[in-house]
Each structure stands twice: as C-alpha cells, then as structure tokens.
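*Asks:* Input: one structure, supplied below.
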Amino acid sequence: MEASSVLPCKWCTHLQGLLLTASFLTCCHLPTTAQITIELEPPQVIEGENVLIRVNNLTENLITLAWFRGMRIKSPQIGQYTPATKVTVLGPGHSGRETLYSNGSLQIYNVTQEDIGFYSLRIINKHAEIVSITSIYLNVYSSLWTCEHPSPHAKLTIESVPPGISEGGSVLLLVKNLPQNLLSLFWYKGVIAVKKFEIARHIKATNSSVPGPAHTGRETVFSNGSLLLQEVMQSDTGFYTLRTMSTDLKDEVAHVQLYMDTYLLTCYHPLQVKIESLPQNVAVGKTVLLLVHNLPEDFQAFFWYKSAYRRDTYKIAEYKRAMDATILGSAYSSREFIYNNGSMLIIDVTEDDAGYFLLEILREDLKIEKAYIQLHVNSFVSNSKDSASTARLSIESVPPSIVEGGSVLLLVHNLPKNLQSLFWYKGMIAEKKSELIQHIIATSSSLPGPAHSGRETVYNNGSLLLQRVMQNDTQFYTLQTMDTDLKYEVAHVQLQLDTSLSTWYHPLQVKIESLPRNVAVGKSVLFLVHNFPEVFRAFSWYKPAYKSHTSKIVEYHRFTDSATVGAAYRGIEVIFTNGSMVMIDVTEDDAGFYMLEILREDFKVEKAYVQLHVNSFVPNSKVSVSTARLSIESVPPSIVGGESVLLLVHNLPKNLQSLFWYKGVIAEEKSELIQHIIATSSSLPGPAHSGRETVYSNGSLLLQRVMQNDTGFYTLLTMSTDLKDEIAHVQLQLDTSTCCSLLTSDQLIIVPVPRNIAVGKSVLLLVCNVPKDVQTIFWYKSVYRTDIFKIAEYSRSMESTIWGLAHSGKEMVYTNGSLLIQNVTEHDAGLYMLEILHKDYKLERAHVQVHVNNPVSWPFVRVTDTTVRVQSSVVFTCFSADPGVSIRWLFNKQSLQLTERMTLSPSKCQLSIDPVWREDAGKYQCEVSNPVSSKSSLPVRLAVIEE
C-alpha cells in the first residue's frame, strides 16, 4: 500500500473506524514549506513482526522531532530526538520496544494488538513552536494464522476428502492442527471415545499403529493422524472421532461426519441467489412480489432490469448499500418498489410486465452474481362493464404453505358490501358439525362452532387466523357469506403444510396435484394423485365435490379392472389405474372443485379434493392454433441429483429448419449446448455440452445424471425456413425435499440443513426415519444425557414442549422431531444429541454436528519484490486472519493457471515463480474462502524488466 496524501486533520478521527486492514493516514495540522510524509514498512503488520514508520522530506532547520502515541495534545510521548545534540529522550509512552532514528523514523519491535492506533510526529522549531504534526494509523493483524505457521492455539479439525463418497470408493479423513507435542492418537467409530468403538491407535514415538475392536481391515492411519477408509460401504456413514494425547497428558477431541455423495449432491449445495414470484401467476391490475432468497451479506449494490440483458435502457432501479439509496433507471414505471433485501414489488401489473427480469448483485470483492425470474401475467376477462361489482369471493392462504407449529391467515378478498354474517367450515361441505366459527357483522361478535379447536380467530374483514397448525389441519376450508338480501356465496381454500419440514413424518395422505395449476380454455389438465394406496377396491371421481349420482364422473373397480361412467361424465375425461385423471379440451364450465373417493381394502373410505382454475383464452386471430407459442415443460418439474430430466418442447413451428439449446437465459455461442438440423436429423454439440445432453427430433432435451450446477434456466432458439426466430425458456430445479428419502437405511439420522452455517443465520436439524411409536423426544447440546445440556423435551401425546436448561430462546422443536436454531452464534457449534423414547420405553439416539463459520476477513498479499528481472525469482505470500481457509490465486482478475515454473506451498498461501518470464508481469491477488464466504486481497502489481 502506498502512502496516502496529506489530509485535513478533521478527517483523521472519522476515518479511524473505517480502517479494517493494516493501513495508515497522514495528517498535517500546520503549513510547512516541505511536505512531510510518513509510511509503514511493511504496509501490513502481523503480531510479532517489526514495523518501521519511515519519515520522508524532513527539513534541515528543525530543532526537535517528537513521537507521540495518539493524536491529542496530551497524548503520551514515546520519545524525542534533537539533531543538533544527537540526544534521544524517552517519554512515558515508551514501552521498551521503540527506537528513534536520526532521520526521524520510528521502529517498533515485536508488535502486539495493543500497538494498534494513531502515531503522531511533531516537528518543533528553535522558537519551541510546533511547525507540523503528521499522523499515521497502525493496525496489527492477529497471529491466529499466518502462512505455513499455524498458531499453537489452532483447534484440532478433520476434513473429509472428498466431502461425500460413492459406495466402494475411498475417503481420507484429513487431520489439521495436530498438537506439536503429540504423544499418541486414537480413532473411534461414532461420537463417543470408548474402547469397543476404537478403530486404531497410533504411537508417535515408534511411528506404529495398533488396530482396535472396531477395525475392519479397511482402515489405515498415517503419521499425520489422518485416517484412510477404503471400499466404503453404506454402514460406514456416520460420525468418526479422533482423540489426541500430548506429552503433558492433555486430551483433545474432534469429530467428522461421513456422507454418501448422492446425498450431498441434493441436500448440500451452495446457497444460490434465487427469485420467487408471489404469486406465481399474477392477474392484470394485481400486485406481485419478486422475493429474493439468499442475497449475499457482502453486497455493495444490486440492479433490477426488465430484461435478461444488462442494458441501461432496461434498468428499473439501482440500490447502493453504503448510501442506502435507490437510483431509478430508464425502465422504471413508478409502479416498482425496491427493498434493501433485494426484493421488488410491482403494483397494478399490466400485460407489458410479463417476461424476464434480471437481478444483478455487485459483491464486496467486485464479483457479479445474477439471478433471473420470469413473470407470468394473466389477462382478466370481465363479463360486465363494472368488473369491481362482480368480483368473486375468494380466499388466499398467507403464506401459501405453512410449517407445522406455525400460523396461517386465510385472507378473504371481495366480501359482499351488504354483508350480514359469515361462517367458516372445516372441509368442503358447509354443515353444522364442521362449523368452526360464525361472525355477525352488526354486533362485530363471533361464536365458536362444533369444530372450533380454540386456535381459530376470525377478523372483521372475514379472514381466519389459524395458530399452531397441526398435520390434521391440512385440508380444505369453506367460507359461506350471507348478505342482507339473504343471498349466499361460498368460497374454498386449501391449507397445505410445507413438506420441506414437517410433513415427512406423518402418514402419507392422498393428495391431488393439478398439472398445470392454471389451465387455459382448450388445453388439457392432469389431476395427478400422490400417495395412492397400493391396496384398494375402487375409486370414484365427482364434479362438484359432493357424493351424489348426478355429480359422479366415473367409478373404477380394481377387481374387474373396469370403469363405469356417471352422470357428470362429459367424454373429455380419461382415468388411470393409479387414480389420476386427465381432462382434454377444458372449458370454463370445468372450473371448480373435484373429489376423489377411494374405497380401501378394509372398506374404509378416503377422500381427496382438488380445485381446477381455468383461464379464458383470448386469441388474437381467428385461427388460434397457428399462434400457439413455443413453450418448454420440465418433466418432472423438479429433479433429484443424479437422475434424469426431460425438457419437453411444445408447439414447435411447422416449417422448422434448425434449433439450438443454451445453458442460461442468453442465446450466445459460449453457452450453446447443442444444435439440431431438421433436414439431416443430425445434432452438433456446442461449447457448453457436457456429454450428458441428448436432443430429440421433436426438439426436447434429455439431461442425464443431473448435478447441482445444472440448475438454472435453459433457452431454446428455433429457426424456421423463412428465417424467423422464436425463443422459449425453462428453469430446472433440484428437489431438496427428498433429503431423507435418499438415505438407503431406515436408521434414525439427523441432517443439518444447511451443512455449514454462517453466524447470524438459521439451521434446521432435520430428523429422518422417526419411528411411529414415539412417546417423547429429547434434544441435548451434548453427546451426554444430562439435565444441564437439555434443550427441550417434547411429548407427542400431550403435544407440548418443556424447555430445558440449555434452551437459549432461539430453538424451536417440530412435531417431527426436527430442531430449528435461529440467529446462530459460534457457541452453537458442536455436537447435538436426539433421544427418542418409544412407547415400549426403549431409547434410541442419534447425533449431529453443527458447523458454524464467521465470514472471512480481507486477506493481503506480500511480495519479495514488486520489480524483478527476467530469469530471477519472486515469492508472493497470502496472509489471512482466519483459520482453516481455502486459498486461490488470481492473475489479472482470472484464476491463475499454474505452469511448471510456479510452485505452491502445502496450504497454497505461498506462490513461488522461478524463473520469472516477461508474461508473468501483471496483478496478483489471493482469494480466501470458507464454506460460507470468500474475499479477495487488493492486487499487487509485479513488473518484469530485462537483464
């Protein structure tokens, strides 16, 4: 870092709090004929090093120069030097580690954290007047970690290499920061270090290993403490414990968890910035929220564009974090509202708002991250001139799906103006036994009904609040209104639990999914049945959702494998033996509720409901078929890592000449996956082709063995014989709701989601394979069952939670046994134990380790010389205050491509180039990262000159 220019003194104290790395300021209080400057050598200082505060441009006629610790008049003096007499006088601020030189420079030896602060040089003339005051700020890096010299206080850790392993492969449990005075070490299978679980022990003095009772013959211990496990099997997954003993008989313990890689692929991908459209389909005139998930904490600014391209003409707004200010762009329509979490609200949506939006994020390290969202806008077709007066009663679930134990608001829209009373019912049928509550408008009073559980509250606007939601609350809810002229109106809403948390562990209920969720007139819809019982006698479909002869569509008998159509059958329905039903050429009359009734083998009846939403199709020409737009469907909608997905193309142009598939939303050559020529029925792979993509003659793209980096948008570009282009997009998503289902054993296991947590974030300790006969669940912040470590105790029969001594107020227990920890701190890291008490009073235990990381701080780079000759050598060193970071070197802002002349130290913190060539000239940086963040150093420029 070069010396800064002279600044007015009033800025010195303001800038002090902004100096985050070893840095300095100079500040001249008084005018002087020669500008005195001071600089640090080296610019960045680490604990234990020496630093020289060099003085430049000293005048010859000075009488005395004095160094002070601070910037105030009464700051303690370190010492003063008089050139005429060559006498140095030490002051009260001298610590015994400072030396004053005749050129005015100050040397500080063996710097510590206590040396951080301002240092001031005062020049005094023969009249005992202060001619100038020059100040500099010294910051000292912690010595917790320096290049290739780990701190003696560094904690023992273990890393799984690779993080996940395929069955039959090998994995190295790599040990870091072994104690220097190591006597012996022991490896155990599990979290408790007891003899019966001992895999092997290693004696340092003799460099020998002895197998233990849990040794399978596939484990090898190395002299650095690491454990190699070969021919890995499913039963090898779980925790491993390392215990070390030093020569002073001190013990240290570390744990690591071994996962199968197919599991990690789906459940532990890095958090990407994603945008969610709420609602997914918005009507003209309504409001939509483009909700941003996983916005990075270290962003400088973000930009919204009404396009998939970054152009000023498409810019809606720019938000600058430092100023907390929003700058509006050319595409701003005055209907957009920007939030500092990156989200954008659009009100009074029009058809012109449909299409792609781009969110661009500028991070602290000047890296750019992009995310895209497609907004779907549906035209509202009114049957009258006064659409407001004919607005239908409707209900919205806020949020759309709810975590068990949370609250949900069933928000009512378009209540009649002359409302007299309203009634809420649980289920599809408005009958007295299922009445939750009734509300009288005139008296603003509510009366609970037979189905009221004490958790329901109705508001004056008709909305219903349901608190502490349970599994049996999930179903349809019915609202019936009565106005003053005694007219009735009915609306329904379906309450759904968030299946990413709580619904995995309850008996699987039959559910029906509408594909698509909103269907246009003339299109087809599939009512896809989930969790259909394997053993059943018959099933029947009804429209509307009441069991009567007039409403029956069809009845299927398994024994005879035959179907009997009912009075409501229209000839457009096709049923399948798994209970699902397809309807073709849908009309507006098909909208509404449908009921599936299943007669089980034990003659029990099970019912499921689905609501069909039909959108009017307004063609722009008399021949609407010819204007059908190119579209793509992901089959299935979301995919588990390692499986295959088909991007199914609809409505290809008839005069198609060729088509091109791209990875991303922009059709550019570098992102081209494959092109297909219709005339020759041949395909050519593009630069982005991975060998896993196959294109079919109907334009569809098959992607096999899907990985995390395959997620995102895909673009199809078609070219017809008249050279017209058409473009369609589709988004591929990984299904993370199958984390537990990926486990091949039925053993009780806990999964931390996410695997690595940043300080201040939340982590879910997700429990898999919870037995059905659970009586009580206990959580402990320890591997031992002790009251002082107890977080919570949950009784399933009483549906109540008793908090323990270790409860911090940040934990939440779900009925499926999972534990949510919010606002995580470093103290939350470590091992947790789940203990389950069965109804037969047997105990079952499972453990999980929580890894908590602080965001990394800024690193810096030192170089042996910034100007070197060709054929000489140079060494760059990366310094970071953070332990356990990964290091990557950058050259001219690109990842450094190592040559045979370049050597990295074991931890990659040192880069040596020998010999140096002319092409090595440029800017060098190091990037440090941990599982939750990364930062890059300021660039150091290397100049290369000829001999």
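Keep in mind that glycine also has a Cβ here, set from the backbone N, Cα and C atoms.
Note that the structure is a prediction, hence the values are computed from the model and not measured.
Relevant sequence annotations retrieved from Swiss-Prot are reproduced here:
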SIGNAL    1-34  signal peptide
CARBOHYD  N57  N-linked glycosylation site
CARBOHYD  N103  N-linked glycosylation site
CARBOHYD  N110  N-linked glycosylation site
CARBOHYD  N207  N-linked glycosylation site
CARBOHYD  N224  N-linked glycosylation site
DOMAIN    270-378  domain 'Ig-like V-type 3'
CARBOHYD  N341  N-linked glycosylation site
DOMAIN    392-498  domain 'Ig-like V-type 4'
CARBOHYD  N461  N-linked glycosylation site
CARBOHYD  N472  N-linked glycosylation site
CARBOHYD  N578  N-linked glycosylation site
DOMAIN    642-733  domain 'Ig-like V-type 6'
CARBOHYD  N698  N-linked glycosylation site
CARBOHYD  N816  N-linked glycosylation site
CARBOHYD  N823  N-linked glycosylation site
DOMAIN    859-943  domain 'Ig-like C2-type 1'
DISULFID  C878-C926  disulfide bond
*Asks:* Measure from the Cα of N698 (N-linked glycosylation site) to the Cα of every one of the glycosylation sites N110, N341, N461, N472, N816, then give the nearest.
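*Replies:* With Cα distances computed to N698 (N-linked glycosylation site), the winner among N110, N341, N461, N472, N816 is N341.
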*Asks:* Long-range same-chain neighbours of N207 (N-linked glycosylation site), Cβ under 8 Å, sequence gap at least 6?
*Replies:* S223
*Asks:* Measure from the CA atom of N816 (N-linked glycosylation site) to the CA atom of N823 (N-linked glycosylation site) and give the result in Å, rounded to a whole number.
*Replies:* 22
*Asks:* What is the one among the glycosylation sites N341, N472, N578, N816, N823 whose Cβ has the most other Cβ atoms less than or equal to 10 Å away?
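*Replies:* Per the Cβ count, the most surrounded site is N816.
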*Asks:* Can you figure out which of N110, N461, N472 (the glycosylation sites) comes closest in space to N224 (N-linked glycosylation site), comparing Cα atoms?
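*Replies:* Closest candidate to N224 (N-linked glycosylation site), judged by Cα separation, is N110.
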*Asks:* May I have the DSSP-based helix, strand and coil counts for the residues of the domain 'Ig-like V-type 3' (270-378)?
*Replies:* 6 helix, 57 strand, 46 coil
*Asks:* Take the C-alpha atoms of N57 (N-linked glycosylation site) and N578 (N-linked glycosylation site) and report the distance between them in angstrom, rounded.
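*Replies:* If we compare the Cα positions of N57 (N-linked glycosylation site) and N578 (N-linked glycosylation site), the gap is 89 Å.
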*Asks:* Give the number of CB atoms, excluding that of N224 (N-linked glycosylation site) itself, located within 10 Å of its CB.
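*Replies:* Around the Cβ of N224 (N-linked glycosylation site), 12 other Cβ atoms lie within 10 Å.
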*Asks:* Rounded to an integer, what is the Cα-Cα distance in Å between C926 (disulfide bond) and N578 (N-linked glycosylation site)?
*Replies:* 58
*Asks:* On a C-alpha basis, identify the one among N103, N341, N461, N578, N816 that is nearest to N472 (N-linked glycosylation site); the candidates are the glycosylation sites.
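*Replies:* Considering only the listed glycosylation sites, the nearest one is N816.
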*Asks:* Go ahead and report the DSSP secondary structure tallies for the domain 'Ig-like C2-type 1' (859-943): helix first, then strand, then coil.
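*Replies:* Summed by class, the stretch gives 3 helix, 45 strand, 37 coil.
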*Asks:* Could you tell me how many residues in the domain 'Ig-like V-type 6' (642-733) are helical, how many are strand and how many are coil under DSSP?
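*Replies:* Its residues fall into 6 helix, 48 strand, 38 coil.
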*Asks:* Of the recorded positions N110, N341, N578, N816, C878, which one sits closest to N461 (N-linked glycosylation site) when you measure Cα to Cα?
*Replies:* N341
*Asks:* Near the Cβ of N103 (N-linked glycosylation site), how many other Cβ atoms are there if near means within 10 Å?
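*Replies:* Summing over all protein chains shown, N103 (N-linked glycosylation site) has 12 other Cβ atoms within 10 Å.
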*Asks:* Which of the recorded positions listed here (N103, N341, N578, N816, C878) have a Cα atom within 10 Å of the Cα of N110 (N-linked glycosylation site)?
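*Replies:* Close recorded positions: none.
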*Asks:* Counting Cβ atoms within 10 Å across all protein chains shown, which of the disulfide-bonded residues C878, C926 comes out on top?
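*Replies:* Most Cβ neighbours within 10 Å: C926.
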*Asks:* For N103 (N-linked glycosylation site), identify the closest of the recorded positions N341, N578, C878, judging by Cα separation.
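*Replies:* It is C878, whose Cα lies nearest.
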